[in-house]
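> So TrEMBL has the following annotated:
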type	residues	note
DOMAIN	21-133	domain 'Response regulatory'
MOD_RES	D70	4-aspartylphosphate
DOMAIN	142-370	domain 'Sigma-54 factor interaction'
REGION	377-396	region 'Disordered'
Amino acid sequence: MSAIRGELIRRAAGTGHDQFRALVVEDDLDFREGLAHLVAHEGFDVSQAGTLHEARAQLRERSHGVVFVDLALPDGSGFDLLGAGPNPQPDFVVITGTATVEAVDRALRHGAVDFLTKPVDLARLHAILTRLVRRMGRFGPMLGRSLPMQRVYDLISKIAPSQAGVLILGETGTGKELVAQTVHQMSRRTAGPFVAVNCGAISPSVIESELFGHERGSFTGAEHARKGYFEAAHGGTLLLDEITEMPVDLQVKLLRVIESGRLMRVGASEPVVVDVRVLAATNRDPERALRQGRLREDLYWRLNVFQIEVPPLRERGDDILMLAEHFLSEFNLREGTSKKWSERGLRKLAKYSWPGNVRELRNVVQRTAIIARDVVDDPGLPEDEAEQSPMEEGSALQIPVGTPLADVERRMILATLRMVRGDKPEAARRLGISLKTLYTRLNLYQATGRTGVGGQVEPPNPSSDG
Ligand SMILES: Nc1ncnc2c1ncn2[C@@H]1O[C@H](COP(=O)(O)OP(=O)(O)OP(=O)(O)O)[C@@H](O)[C@H]1O
Ligand SMILES: [Mg+2]
């Protein structure tokens, strides 16, 4: 793995910048500069000190996320630095000549979070920094330090290196696609492509050729042979989003491709060999889809070797605030502004139930940041909590006679989505429209800034970040 986080992430994050500031305290100049270089390579801003005296001055001047400290310094023991600095305390990593049990024990008792021996073991340094960054609430591209997210991170670390299938579950907008991207990034396939396909947004008649490609002349309009998403993901990872929306006969073919590593383009007579790790996601209950016969059991078992449940945002505690700060910093960076949340604004965010999860939060932050002056005080969340909470089956909408039909349609669509808790395929079925139509409408509402709760959308076309 390369640097723990890129320059971009750090700059975009804006807040908590000092967490990525490291101090190396060491009197041996060569070793100090070598270590500083390595830590900088992991994405930290590094300063150096040769004595306790210098180190104290630097710690007073600004806060640091992590301090590497040698024990034998010209003006005293490195232990004297531990616990002495201003709050918030940095994490201390002690540098010892040899990792004897006594030395390590002593370091940990003094409050060090870890130790390094000379010469530096690169893998160990990387592991230490990765752990520190994770405690700060970052895991690859993902943000959040709540317990439920820590569990997700644990799972991802364990399963990313394997080739096994992963089924990612979670409400709309919780970050299922981001989880898939993270699995990809932390796998051996990271240099290969990551391709995400939304099975629900492709009409059933073309989904096979979209996935597996087609030969020239295989159907009317097929003027050129074309690779499908599977081949585009060769050497990398393919995320099949809304997997339960894939026609059942195609699920059979999909299983065969996963098992054999070969696929047939539509109209082809020779198979193509593909090397793709397949991940799947859905915001539906897969067991229910199985019972309804909409998800084939054999495919399910293949995809469900591991299961990751992404928790809803309302169960992530202070992650809401961390994400709100992050999205506002992103906005500031893009727009060249320096807007800030007021306490009142943050309190409102923390109290809201976020049925559209992280995507809804991001949209809310962007919308309010545009309108706000310097201080973002009112996130403009719906006053009427009833408008936002999930609707019960059979509840009614009050629509004044004379309401434009387009508005009636919009309100009915959004209310239905609330009733089925953002389950778009289910909403489409209830409304008697195709899923593709539903996506088109939701995109329209988003474009005109009239999304309600359920209106968190994504493009109707499959996306690929190559
Ligand atoms: N933990 C997180 N940290 C930072 N950003 C996040 C996090 N989770 C989600 N996001 C952002 O929120 C948005 C929605 O995430 P994503 O598209 O992965 O959700 P999803 O679960 O796939 O949604 P859907 O069910 O609608 O397909 C994206 O912009 C994503 O980058
Ligand atoms: Mg998704």
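The backbone N, Cα and C atoms fix where each Cβ goes, glycine too.
Note that TrEMBL annotation is computational and uncurated.
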> Can you give the mean pLDDT for the domain 'Sigma-54 factor interaction' (142-370), rounded to a whole number?
93
> Which secondary structure state does DSSP assign to the residue listed as '4-aspartylphosphate', in the simple three-class scheme?
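Looking at the DSSP assignment, the residue listed as '4-aspartylphosphate' belongs to a strand.
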> Relative to the Cβ position of the residue listed as '4-aspartylphosphate', how many further Cβ atoms are located within 10 Å?
23
> Let's see if you can do this one: DSSP helix, strand and coil counts over the domain 'Response regulatory' (21-133), in that order.
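Per-class counts: 48 helix, 29 strand, 36 coil.
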